């Protein structure tokens, strides 16, 4: 006992959860929801007709793209996946790279989002012969916004998109400033776009933002608007129900009392999983992922902010063994955590076992084992006071970011679309997953470095880079921000060229990167939960949209 009292732990005092037991109880209103679902189903039929009726009329193809854009931004595209794919395939087959309609930027963005590798050459139409952008575009807000959003679907080497981003951002910043008083609604719309482009937004947050904006458009479709509102609230009810289930599971672990050194961020972890997929058909996958992220957060704090080196070695070995028989070797406080990890994987194994997919958990377990090994390597470096080179650091840190583990884990429970080959692909860390890991690692390190320097902790990628290249922290941040933008371009490229993996699986990896952009663009909004994230959670999970 005396020996235990002498142990010096690198403990950190994280702020408690801001939610308490707010989401513990869920009131199910099935009868009322059934009526709403019936209305939604009828309205969906009309939208399907609207999409399909324009296919054979070339003069309507620009309007068709605008309709698809509205459907996507309103958050209801998941109802019309087949119709949208059929429409965009028809447009691609009809025009190839030679789009004849209006709004070429919109055409470019919508098709690239869908996985069609259309050429950016059409955007040269926005330029004069001397290479400058046309003056007429500088005051065309709609055209500027369309081009601005299109630039984020670029890949490495597409200089015209890089030039267009600089041009449109400069013009839009000026317009937003000029319109603050004369047209505050449009000014706010522009500022929201500049703050976070569509390509980096989570679908549910974009729906939340776009629904009131769409309602103010004189050209809005009243039926489409009502469908978006009703559907938003139906999904909110489902997500509340799921969060209630995860909340009760978390309450059973009682992390705040049993593992008080760890961040109590279960609600934020569910928000994270919700960002990866919001659709009803992925409900069980979402619940599992939320639990994994919640425990991964505790694992992170165990290795970073509490566990001593010898304890961490034992825990790492126990995870590699993955058996309840390993539990007796662990310190008392680690037993609850270890059992919690094993239990959620076993539970999911049983859930999907009836479909003959229990073996999918073996891939998820392997990714978790690798994740823990990366933590152990960082603990070893911290214990030895070793500052790795930038290259050494990133090789390990890409895994310790958790995103390669989550990219594999999030496939579990998604249904028949996930094959053994898809899991094997994810474990090879293909370019799109590497890019997502890069975004996660670099954004996290930029904002968490100062907090972590105050305790015994492995040197961050920022510190490794500063030491190796003898540069300032400010310089490293600039370099890392460019690397993050390059990683986004790599994600776009892979979504266009990788045809072996279904787009719904690619979207999970893209959405993981989008969550990072929401949580870490300005600060570590996950560890230090601020008003913005609280507002997001309240809007998505507490307050329904008025009909």
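Cβ atoms are placed via backbone N, Cα and C, with glycine included.
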Which listed span Swiss-Prot calls motif 'DDXXD motif', if the choices are 300-304, 305-309, 310-314: 300-304
Number of other Cβ atoms within 10 Å of the Cβ of residue 448 (Mg(2+) 3 binding site) across all protein chains: 20
Beyond the flanks of the motif 'DDXXD motif' (300-304) by 6 or more, those residues with Cβ under 8 Å of it: 10, 12, 14, 259, 261-263, 312, 315, 334, 337, 375-376, 378-379, 402, 452, 457
Candidates 300, 444: member of the binding-site residues with the richest Cβ shell (10 Å): 444
Integer Cα-Cα distance in angstrom, residue 304 (Mg(2+) 2 binding site) to residue 448 (Mg(2+) 3 binding site): 12
Euclidean distance between Cα atoms of residue 300 (Mg(2+) 2 binding site) and residue 448 (Mg(2+) 3 binding site), Å: 13
Distance from residue 300 (Mg(2+) 2 binding site) back to residue 444 (Mg(2+) 3 binding site), taken between C-alpha atoms, in Å: 13
